[in-house]
Amino acid sequence: MGLTSQLLPPLFFLLACAGNFAHGHNCHIALREIIETLNSLTEQKTLCTKLTITDILAASKNTTEKETFCRAATVLRQFYSHHEKDTRCLGASAQQFHRHKQLIRFLKRLDRNLWGLAGLNSCPVKEASQSTLEDFLERLKTIMREKYSKCSS
């Protein structure tokens, strides 16, 4: 049984509407998860949050939103890959060790979600100014909250 020509336009319309709804809904969910992760990260005070990271957010005037997300994910990946086993971050106590492992887990989650929003395979990151991880995450949280308010309106 084939589709009649009368049914095709309404079906395409329904598919287009469903796609737009799903895209907006996914944007909403992804941003909410990123903001929740950033909230958890900025509440944590670990030895690693005082270390420096390449601050791509300070020099993001001529970049697209997707490039900014891609570069943020890239510098976060560089940071947690380099500091995952850093003795300055691990601390001496079991509690400090646990906090560090939790920080790395949250950074990996944030990296994954930013890559999903960026939708790019790779992006170059030039050496820029440095800031603490804590300041970088606060600025990223502000950007994500602004995007969330635009996405949900």
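Keep in mind that glycine also has a Cβ here, set from the backbone N, Cα and C atoms.
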Which one is it, Cys17, Cys70, Cys89, that Swiss-Prot ties to Cys48 with a disulfide?
Cys89
Can you figure out which of Asn62, Cys70, Cys123, Cys151 (the recorded positions) comes closest in space to Cys89 (disulfide bond), comparing Cα atoms?
Cys70
In the structure shown, with every protein chain counted, which of the disulfide-bonded residues Cys89, Cys123, Cys151 has the densest set of Cβ atoms within 10 angstroms of its Cβ?
Cys89
Shortest C-alpha distance to Cys151 (disulfide bond) - which of the recorded positions Cys48, Asn62, Cys70, Cys123:
Cys70
Of all the recorded positions given, namely Asn62, Cys70, Cys123, which is spatially nearest to Cys48 (disulfide bond) at the Cα level?
Cys70
Cys70 (disulfide bond) to Asn62 (N-linked glycosylation site) - Cα separation in whole Å
14
For Cys151 (disulfide bond), which DSSP three-state class applies?
helix
